[in-house]
Structure formats: structure tokens, C-alpha cells
Amino acid sequence: MYVYSLFCLFFLLTSFPALFITAKISNLATNHKILDTSLSSSMDRVNFRVNVLTGHLKNHHKPIIDLLDTAQCVNYNPPELTEPSSAFKTKALRRLLDGDSIDEIDHIYNLMIKSHLFCPKERGGKVFISPDYNQSMDQQREMTVKRIDYLREQGVFDGWLTRKGRDAELSGFTRANTVGVFDHSLGIKLGVHFFLWGGAIQFMGTKRHHDKWLKPTETYEVNGCFAMTELGHGSNVRSIETITRYDASTQEFIITTPCESAQKYWIGGAANHATHAVVFSQLNINGVNQGVHAFIAQIRDTNGYICPNVRIADCGHKIGLNGVDNGRIWFDDLRIPRENLLNSVADVSPDGKYLSAIKDPDQRFAAFLAPLISGRVTIASGSMNITKMGLAIAVRYSLSRRAFSVRPNEPEVLLLDYPSHQRRLLPLVAKTYALSFATNYLKKIYAKRTRESVKTVHVVSSALKATATWHGMRTLQECREACGGQGLKTENHVGHLKSEFDVQLTFEGDNHVLMQQISKALLKEILTAKRRNKPIKGLGLEHLNKPAPIIPSCLSSSDLRTAQFQTDIFCLRERDLLHRYETEVSQRKAQGESIEHIFTVTYQIAEDLGRAFSDRLVLQTFLDVEATVPTGPLKNVLGLLRSMCTTIVMEEDASFLRYGYLSTDNAAVVRKEVLKLCSELRPHALALVTSFGIPDALLGPIAFNWIDANAWSSVKDNDTVFPYVPAML
């Protein structure tokens with residue numbers, strides 16, 4: 001009532017400011033009569049209004065408790081008690097997602113949950129773990145290091161680099177991605193050390209490097225970073241400006257930063273903790289530039305002091321990932337031993353001769369960078385965990401939060417019972433399953449890679465890194481909005497995860513650039529096949545050897561749900577865009593344009609083609625997983641998810657209408673089908689996000705009893721009560 005009183009007075013003041021100033025203040029407190037409404041003077045009208053409001057305020061001060069007694073408070077009802085029982089076994093669906101890694105994933109989750117280093121906090125009767133983002137940047141960085149030390153002591157990193165074989169490589173992805181669910185900074189810090197620094201030594205070095213560096217890296221006796229990016233060059237690695245020369249008289253390489261744009265930039269671990277770096281540099285031998293090579297350089301001594309001839313500066317505070325100490329590095333003629341050249345592709349003899357079995361510089365550069373694909377694999381697969389986390393929180397909240405009644409005196413409606421809310425979240429759940437299956441496929445082909453399959457791994461990793469991270473950012477934004485104001489609270493994760501995750505879209509390759517790289521690779525495949533007069537083989541392009549599929553002129557709901565139609569229209573789109581791209585490139589080339597200029601001006605169709613390849617790849621991997629599941633409820637739900645994923649792509653990607661793969665009438669059928677699929681997936685929503693397998697402790701409080709989590713008792717228990725301090729006049 002006090003607030004209401006203030007409002008009334010504010011209304012009076014703003015309605016009659018000039019007249020109120022001249023009115024007698026005493027009228028407000030003493031005059032209780034209702035004045036005659038026929039008063040004509042301005043002052044009388046003011047007095048009339050004052051007295052009406054005064055009488056209202058004096059006669060309507062009923063106790064607040066009486067008002068509360070007449071209204072029913074909102075209660076939290078766990079969706080486990082209100083939602084229908086799952087039609088399928090959630091453990092079976094989780095096994096499709098996590099496979100044989102479930103035990104390792106859960107072991108790491110449990111290690112984090114039980115340690116005080118992961119900031120356990122009780123809210124609403126449940127314990128949650130989450131980084132303390134109220135800490136300063138320096139404090140967050142130190143906590144990241146302490147958590148790494150704890151995990152190392154618990155044996156989480158044992159064998160990461162020294163074990164051999166497919167299972168060992170898959171385990172590395174599992175470890176980095178799992179800790180990243182708790183904190184993206186922690187996952188990135190491990191990724192830089194093990195995948196980038198350790199991976200460079202493992203795959204770009206030879207036995208002399210393996211024997212010296214891998215075990216100390218695994219135990220953190222050596223703390224490594226990866227110095228590729230420069231202030232002036234990111235994606236264009238071939239044009240980096242750092243220069244390395246060879247001094248045959250001392251058998252040393254000399255690394256130099258020749259200008260400010262050549263400083264190494266955004267180097268994770270460099271600002272505070274790294275002792276060594278893999279430095280990418282142009283190699284100049286006897287005045288001849290042999291292209292980009294990689295060298296091991298020590299940048300700090302065992303006491304943590306920066307080495308002579310090395311300068312390091314901090315990149316400063318970022319919009320996210322402040323638990324990672326990104327730094328900048330300058331080299332002032334730093335000398336390193338000849339043996340520190342990572343020489344799997346090329347070497348320099350003691351007397352200064354350049355040696356390589358690969359004579360073509362382009363092929364040598366490609367072979368040199370091929371082992372670094374693991375970074376994209378990690379990003380693509382790790383982005384799925386962040387996406388699952390956001391969806392699990394947002395969907396669970398929407399299954400307990402209500403808003404508005406359809407009819408008077410009826411209960412308010414659950415958010416997820418609104419078709420609009422279903423449309424916002426359930427297609428993202430479906431696409432997350434599809435991309436999870438696809439990134440699992442990527443990890444497997446990476447672990448089984450051969451010299452012949454490296455090209456496929458490169459193209460697939462580029463496609464899925466871009467598609468998965470774009471999907472992740474869109475999902476987090478939608479989840480933030482779907483949670484309303486609660487989505488803004490850091491403890492509820494979804495809002496803060498956006499800034500933590502944003503960097504994924506540009507590091508290890510800008511997504512738009514990756515789409516164009518995919519199209520160039522596809523174009524090369526088709527031109528090579530035509531030149532050799534042989535069928536196309538590889539990259540899933542075998543469908544190009546068959547007649548073009550024919551799309552029905554009038555689509556029905558049943559058509560849209562068949563795997564055959566979905567495959568046909570996705571293949572038709574890829575085929576047609578590849579043909580259009582080939583035609584435009586050929587025509588421009590015939591007109592005398594340079595190939596560099598052609599690729600620059602044809603970026604639109606190149607990106608359309610890159611997306612078409614990615615979508616067809618994702619569909620195929622989904623069908624492969626679905627084929628392993630026996631007939632039954634789980635297979636039925638997978639069919640719904642697949643159909644949702646394909647129809648939403650057809651609805652949202654303008655290329656289906658732009659290039660005529662769908663008529664406007666068929667596009668309208670697709671749009672209606674999305675809503676039907678949403679309603680059919682709605683009963684499975686809780687089971688689908690439960691199958692993600694993320695522990696309750698890693699989700700936000702709004703995923704559970706958000707009323708108790710925000711109750712006064714919860715505030716007092718967490719020591720965030722502010723004492724009353726009288727205002728100073």
C-alpha cells in the first residue's frame with residue numbers, strides 16, 4: 001500500500017504540477033469532506049482530487065496478510081511428478097550419445113562435485129557447483145590452475161599423451177569436453193596444453209621430441225602453449241610474419257618478431273603459466289623462405305621468470321574465458337637448439353641444408369598443418385555439451401514455470417505447453433541430438449585417420465566445427481530468452497555461457513571461412529573426377545553419380561517424415577549448389593578472372609554449398625545411428641527427432657525457396673509440419689533432456705525448485721543479506 005500511495009501522489013504531482021505548488025499542503029492531511037463536483041475554479045478541482053485520494057488512502061489500508069490469504073501462492077511441482085513417464089529408456093538414449101565413455105564421463109563429474117575447489121553451493125535443497133565469477137580475473141586464473149592440479153592428482157590426465165591407439169585419443173576428447181561442462185576456461189586451458197602444445201609435439205615432432213617432452217607435458221612438469229596467431233594474421237597462417245633463421249656456426253635457430261603486427265596474440269597460457277611454446281614462424285634458410293614451420297621455445301624458467309630475449313604481455317580482460325591467461329609474445333632474436341624444430345615434415349641439417357621429402361610447398365604446408373585438426377574436433381564435440389546444458393536448464397524450467405491462464409479462474413499454463421515455446425526449444429533439442437551423433441562420427445574418423453583419409457577428416461571437421469558452434473550460440477540465446485529474467489542470473493548459466501562460448505565461432509577457423517573452404521574442397525573433388533572420367537568417390541558425394549532425385553510437386557506430412565524424401569531433398573540441394581558453384585567459377589575463369597578473385601566474389605553460393613554439405617552429412621550420420629536401434633519406442637522418438645531436424649532446416653534455410661527445391665505451397669506444408677512435430681515431441685521433452693546425462697549439480701537452480709532457491713531462507717543461508725542502513729539526508 002505504501003508503494004500505491006506514492007504512485008497516487010506521483011500521479012497528482014504530474015497531473016497538476018503548477019496548481020499543486022500553490023495549493024495548501026494542509027488540505028492533504030485535514031480536509032475529509034467530498035467537495036461538490038460542480039466546482040468550477042482550478043483550485044477547487046485540485047482540492048477535490050486531493051481529498052478523494054486522501055480518503056481512499058485512509059479508508060483502504062487493510063492488512064497485507066488479508067490480501068495474501070485470498071490469493072494462492074505459486075508452488076513448484078517437479079516435472080518428474082507431473083510429466084508422463086518416459087516412453088523409452090533414457091539410459092539407452094544416453095548410450096547412443098556417450099557410448100563407451102559414460103563411465104569415464106561420470107567419474108570426472110563426480111570428482112568435480114565432491115571437491116570444494118569447484119565451489120559447491122546449496123540452493124533450494126540441492127547442491128550446485130559453478131565457478132565464482134565474482135572473482136577477479138587473476139583469481140579466476142589461479143582457480144583454474146588449482147583445479148588442474150587437483151584433477152592431475154586424481155589421475156585424470158594419466159596416459160593422455162603417452163598411451164597409444166584409438167581409444168586413447170577418444171579418451172582425450174572425453175576428458176577435455178567433460179571438464180568444460182563445469183567451466184569453459186578449464187576445458188580450454190586443458191585443450192591448449194594437451195591438444196595444441198602436446199598434439200603439436202606428438203604429431204609434428206618425431207621420436208626425439210616424444211621422448212623428451214610428452215611425459216613431462218602429461219605431468220605438467222612442462223606447461224605448454226601454442227603460439228600461432230599473430231596480431232596481424234589469424235586464419236591466414238601462411239602469411240604470419242615471425243621469422244626464424246638458422247645459424248650453422250652454433251647449430252641454433254634464431255626466432256625474431258620483426259614488427260608489431262608479428263607479435264603472437266591471444267596465446268592461451270602465455271600471460272601467466274606457460275613455460276614453453278610451440279612457435280609458428282617463417283623459416284628462412286640462406287635467404288630462401290621455406291614457409292611456415294614450428295619450433296619449441298622456452299619462454300619461462302623453472303621459477304616462473306620470463307626468459308631473456310622474450311617479452312610477454314597480458315591480453316587483458318575478455319567478455320568470457322577469464323580463467324584462461326591469454327598473452328602476447330615478442331621474440332628478440334631468441335636462440336633455440338636445432339633439435340627444437342618439429343621435423344616430421346621437414347628438417348635442417350647441422351650444416352644448414354633444408355631437407356624435406358615433400359617438394360611442393362603447398363603440399364608441405366597442408367601436411368604440416370594436418371595434425372592440428374584435433375582442435376576443431378574438440379571444439380565441435382565440446383560445443384554439444386554446452387548446448388545440452390543450456391537446453392536441460394531451459395526445458396526443465398519451462399516444465400515447472402507457469403504464465404497466464406487461458407480462461408478465468410483456471411490454473412496458469414506451463415511455458416512448454418504454449419506452442420510458441422515448444423517452437424523455440426524443441427527444434428533445438430532435435431538438432432542437438434543430430435549434431436551430437438555427427439560429432440561422435442567426427443571423433444571416430446579422426447581417431448582412425450590414415451594418410452588417405454586426412455582430407456575427409458579436414459572437410460568434415462570444418463563443416464561440423466562451424467555448424468555445431470553456430471547452433472550452440474543460437475541455442476544459448478534462445479534458452480536465455482526462454483528463461484526470461486532468470487536467464488540473466490549467472491548462477492543459472494544460460495546467459496553467462498553465451499559470453500564464455502562466443503569465442504568458439506572464430507578460433508580454430510572463422511566459421512564463414514570454413515564454409516568457403518568446404519566448397520573449394522567439394523569443387524576440387526568434382527573437377528578431379530571429371531578430369532579422370534571416373535565416378536566421384538568420398539566425402540559422401542557418391543550420390544552425384546546417380547540421377548538427380550525428383551521432389552513431389554505436392555508434399556504431405558507423411559512425405560516429410562520419410563528418410564527417403566529427407567535424403568533426396570538434401571542431396572538435391574547439395575548437388576544443385578555444387579553444379580551452380582562449378583558453373584560460376586568456370587565462367588569467371590573463362591573470362592580471365594584470377595582464381596583468388598573468383599573465390600572472393602562467389603562467397604555467397606560457396607557458403608550456401610558449405611551448409612548444404614553439412615546438413616546432408618548430419619542427416620546421414622543420424623540415419624546411421626538410427627539404423628542400429630531396434631524397432632520400438634526409442635526408434636520412434638529418434639524418427640521424430642530426425643524429422644524435426646530436417647523440416648526445421650527446410651523451413652529456416654532460404655536456399656530451399658531461393659533455388660526452387662521447395663515451392664511456396666510446399667514451404668507452407670513444411671511450416672505446419674514443424675508445429676505438428678513440436679506437439680508430438682512435447683510429451684518426451686523431460687526424457688530427452690534427462691538423456692543428456694548432465695548431473696543436477698552442474699545445472700542451474702532454475703532447473704529445479706526455483707522458488708525455494710530464491711526464498712528468504714536461501715538468501716540468509718548464503719550470506720547475501722544486506723543490513724538496513726538509514727539513508728543520509
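Even glycines carry a Cβ here, placed using N, Cα and C.
Here is what TrEMBL records for this protein:
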- 225-333: domain 'Acyl-CoA oxidase/dehydrogenase middle' (DOMAIN)
- Thr229, Gly268: FAD binding site (BINDING)
- 372-523: domain 'Acyl-CoA oxidase C-alpha1' (DOMAIN)
- Glu508: active site, proton acceptor (ACT_SITE)
- 567-699: domain 'Acyl-CoA oxidase C-terminal' (DOMAIN)
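For Gly268 (FAD binding site), the same-chain residues that are 6 or more apart in sequence and have a Cβ closer than 8 Å to its Cβ are Ile188, Lys189, Val192, Leu196, Cys225, Phe226, Val324, Asp325, Asn326. In the domain 'Acyl-CoA oxidase C-terminal' (567-699), helix, strand and coil residues by DSSP number 109 helix, 0 strand, 24 coil. Spacing of Glu508 (active site, proton acceptor) relative to Thr229 (FAD binding site) is 10 Å (Cα to Cα, whole number). DSSP states for the domain 'Acyl-CoA oxidase/dehydrogenase middle' (225-333), grouped as helix (H, G, I), strand (E, B) and coil, give 6 helix, 53 strand, 50 coil. The most densely surrounded of the recorded positions Thr229, Glu508 is Glu508 (count of other Cβ atoms within 10 A of its Cβ).
Mean pLDDT across the domain 'Acyl-CoA oxidase C-terminal' (567-699) comes to 97 in this model.
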